[in-house]
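Undergrad: Below is a structure I'd like to ask you about.
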Amino acid sequence: MENFIHPVFRNCKNMTLSELENRGFIRSLPKAELHLHIEGTLEPEMAFQLARKHGIQLPYRDVDALRGAYSFSSLQSFLDIYYQGVQVLQDEDDFYQLTHAYLQRAHTDGVVHVEIFFDPQSHMERGVSLSVVFDGITRALEGAEREYGMTYRLIPCFLRHLSAEAAMQTLEALLPYRDYICAVGLDSSEDGHPPSKFTQVFNRARTENFLTVAHAGEEGPPLYIWEALDNLKVSRIDHGVGCEVDDALCERLAQERMPLTVCPASNIKLAIFKSMEEHNLKRLLQRDLCVTVNSDDPAYFGAYIVDNYLAVQQALDLSREDIISLARNSIEASFLAEAEKVFWLGKLKVLNYAVS
Ligand code: HPA
Ligand SMILES: [Zn+2]
């Protein structure tokens with residue numbers, strides 16, 4: 001027990017006082033996490049625990065060797081390891097444990113509302129039923145709502161490297177679970193898989209009263225962001241950092257107040273930017289875009305939501321007002337009801353008075 005360090009403090013050993021103060025400040029802000037793949041919260045310790053439980057042999061000697069493999073050169077190099085990790089998720093309790101662990105962590109980070117992605121196709125193709133996935137995830141979400149008052153939405157995503165027909169079949173399989181679903185999304189390998197490939201599927205999703213979101217402009221060109229807006233009629237762009245080279249697109253995003261769910265640590269780990277100092281988040285904020293900060297796949301990128309806020313604050317020299325704007329954007333960009341947004345925005349307004 002002597003050497004036990006709570007995961008929240010694992011990275012704190014070498015921190016300066018101002019880092020600790022900033023971390024506490026960021027934690028204290030009510031915020032929403034809007035870009036989080038639940039499968040991307042699988043920490044190596046849990047991967048080994050579940051592999052042992054199910055008699056699965058992971059191709060790594062131990063937890064350290066697995067964590068050591070989390071070194072990526074591109075989105076695809078990450079996805080190859082991520083889909084391998086998914087294999088250990090087999091029964092309802094696995095999905096519960098995974099989601100429960102993430103929600104506990106999010107709560108300590110001051111997250112008051114989560115919108116969680118998951119990849120139904122990566123489970124169904126292994127013979128894991130949708131009811132197992134939904135039951136496990138929603139059991140944890142309902143527990144966090146009871147215990148912490150944390151609200152939630154669920155967003156199943158279609159894998160864009162698979163066919164539009166497969167996505168349509170997946171949408172049909174999801175319909176019996178419609179009461180648990182707020183929106184549908186699009187993720188996985190971006191290059192060569194434009195949003196327009198899924199126009200019909202997203203049309204159908206909207207006739208079924210689902211909102212839509214899509215990953216676009218992570219590695220892909222601005223054209224994919226235009227297509228997500230015009231073909232898929234999304235309410236948010238996931239990532240979207242590739243918009244910067246297209247002035248007309250930036251103007252449209254600003255004018256429509258179209259949120260971008262930016263994931264800074266993910267962008268560095270997947271080599272979208274060479275370093276955090278080169279990240280374009282501050283420039284996008286200065287262009288009046290509705291930028292939010294999120295963790296994407298925190299177990300793989302080594303950074304949960306507060307780590308992401310802190311990293312951009314330090315690297316880009318963001319003020320406390322900037323940080324509050326990011327938290328405010330997250331509430332505004334969420335799929336919460338208007339009255340709930342007003343409640344959290346009121347709390348943030350009081351905090352803003354306190355720092356300005
Ligand atoms: O960052 C991502 N991009 C695309 N697909 C994904 N699936 C999990 N994480 C990601
Ligand atoms: Zn993502």
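Heads up, the Cβ atoms here are built off N, Cα and C, so glycines get one too.
Annotations in TrEMBL come from automatic prediction, not curation.
Okay, so TrEMBL annotates it like this:
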- Glu218: active site, proton donor (ACT_SITE)
- His35, His37, His215, Asp296: Zn(2+) binding site (BINDING)
- Asp297: substrate binding site (BINDING)
- 30-341: domain 'Adenosine deaminase' (DOMAIN)
- His239: site 'Important for catalytic activity' (SITE)
Undergrad: Please determine which of the recorded positions listed here (Glu218, Asp296, Asp297) has the lowest count of neighbouring CB atoms within 10 Å.
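TA: Relative to the other recorded positions in Glu218, Asp296, Asp297, Glu218 has the fewest Cβ atoms within 10 Å.
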Undergrad: Going by Cα-Cα distance, pick out whichever of the recorded positions His35, His37, His239, Asp296, Asp297 is nearest to the residue listed as 'active site, proton donor'.
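TA: Ranked by Cα distance from the residue listed as 'active site, proton donor', first place goes to His239.
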Undergrad: Roughly how many Å lie between the Cα atoms of His239 (site 'Important for catalytic activity') and Asp297 (substrate binding site), rounded to a whole value?
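TA: Approximately 13 Å lies between the Cα of His239 (site 'Important for catalytic activity') and that of Asp297 (substrate binding site).
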Undergrad: Suppose we screen the recorded positions Glu218, His239, Asp296, Asp297 by Cβ distance to ligand 2 with a cut-off under 6 Å; which survive, in sequence order?
TA: Asp296
Undergrad: Rounded to the nearest angstrom, how far is the Cα of Asp297 (substrate binding site) from the Cα of His35 (Zn(2+) binding site)?
TA: 9
Undergrad: His35, His239, Asp296: which of these recorded positions put a Cβ within less than 6 Å of any ligand 1 atom?
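TA: The recorded positions passing the 6 Å Cβ test are Asp296.
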Undergrad: Can you check what DSSP calls His35 (Zn(2+) binding site), collapsed to helix, strand or coil?
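TA: Reduced to three states, the DSSP call for His35 (Zn(2+) binding site) is strand.
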Undergrad: Work out the three-state DSSP category of the residue listed as 'active site, proton donor'.
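TA: Note: the residue listed as 'active site, proton donor' is coil by DSSP, not helix or strand.
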Undergrad: Might you list, by sequence position, any residue in that chain lying six or more from His215 (Zn(2+) binding site) with a Cβ less than 8 Å away from its Cβ?
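TA: Correct list: Cys157, Arg160, Gly185, Leu186, Asp187, Ser188, Glu190, Asp238, His239.
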Undergrad: What's the most sparsely packed of the recorded positions His35, His37, His239, counting other C-beta atoms within 10 A?
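TA: So among His35, His37, His239, the recorded positions given, the one with the fewest Cβ atoms within 10 Å is His37.
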Undergrad: Whose Cβ lies within 8 Å of the mean position of the Cβ atoms of His35, His37, His215, Asp296, the Zn(2+) site, other than those residues?
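TA: Here the nearby residues are Leu36, Gly40, Phe117, Asp187, Asp238, His239, Thr261, Cys263, Ser266, Asn294, Asp297.
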Undergrad: Quick one: average pLDDT across the domain 'Adenosine deaminase' (30-341), no decimals.
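TA: Across the domain 'Adenosine deaminase' (30-341), the average pLDDT comes out at 98.
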Undergrad: DSSP secondary structure for His239 (site 'Important for catalytic activity'), reduced to helix/strand/coil, please.
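TA: Once the DSSP labels are grouped into three classes, His239 (site 'Important for catalytic activity') ends up as strand.
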Undergrad: Could you give the Cα-Cα distance between Asp297 (substrate binding site) and His37 (Zn(2+) binding site), in whole Å?
TA: 6
